[in-house]
Amino acid sequence: MKKIEKTLDEWRSMLDPEQYQVCRLKGTERPFSGKYNSERRDGIYHCICCNLPLFDAQTKFDSGCGWPSFYAPIEDSAMIEIRDTSHGMIRTEVTCARCDAHLGHVFPDGPAPTGLRYCINSVCIDLRPRD
């Protein structure tokens, strides 16, 4: 996959302040505040920064954690997993494989068939109808 590389100033000019804070500076939106937390429409969730398809809405589930949760990415190659030891915790950060946008974290407490919970910030994704 061809990487998209931009300066922080370029990202800042194309994203709104919250998207920039979360996607480029590894922030986190407040729990239960994101527009996709309770979303039930069908479609494909894309990276807000580069439009890469990330998650199929059919893999979304209600985890009760306050952020949209999915049990699998649309393709394993769409994500990069990075060990995250910030805030006194050991977690696995997930970023977009194309543009390195911070998306959220993945945890080993999800439903079958994967047992994974991709906990994703709503500001990092865009739900679009299937083609």
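Each Cβ is built from the backbone N, Cα and C atoms, and glycine gets one as well.
Copied over from Swiss-Prot:
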ACT_SITE  Cys119  active site, nucleophile
BINDING   Cys47, Cys50, Cys96, Cys99  Zn(2+) binding site
DOMAIN    8-130  domain 'MsrB'
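Other C-beta atoms found within 10 angstroms of the C-beta of Cys96 (Zn(2+) binding site) number 26, with every protein chain shown included. The Cβ neighbour count for Cys50 (Zn(2+) binding site), using a 10 Å radius and every protein chain shown, is 16. Sequence-distant neighbours of Cys99 (Zn(2+) binding site) (same chain, 6+ apart, CB under 8 A from its CB) are Lys3, Ile4, Glu5, Lys6, Cys47, Cys49, Cys50, Leu52. Confidence in the domain 'MsrB' (8-130), given as mean pLDDT, stands at 96.
Within the same chain, residues at least six positions away from Cys119 (active site, nucleophile) with a Cβ under 8 Å of its Cβ are Ser63, Cys65, Trp67, Pro68, Ser69, Gly104, His105, Val106, Phe107. Under DSSP, residues within the domain 'MsrB' (8-130) fall into helix, strand and coil as 27 helix, 38 strand, 58 coil.
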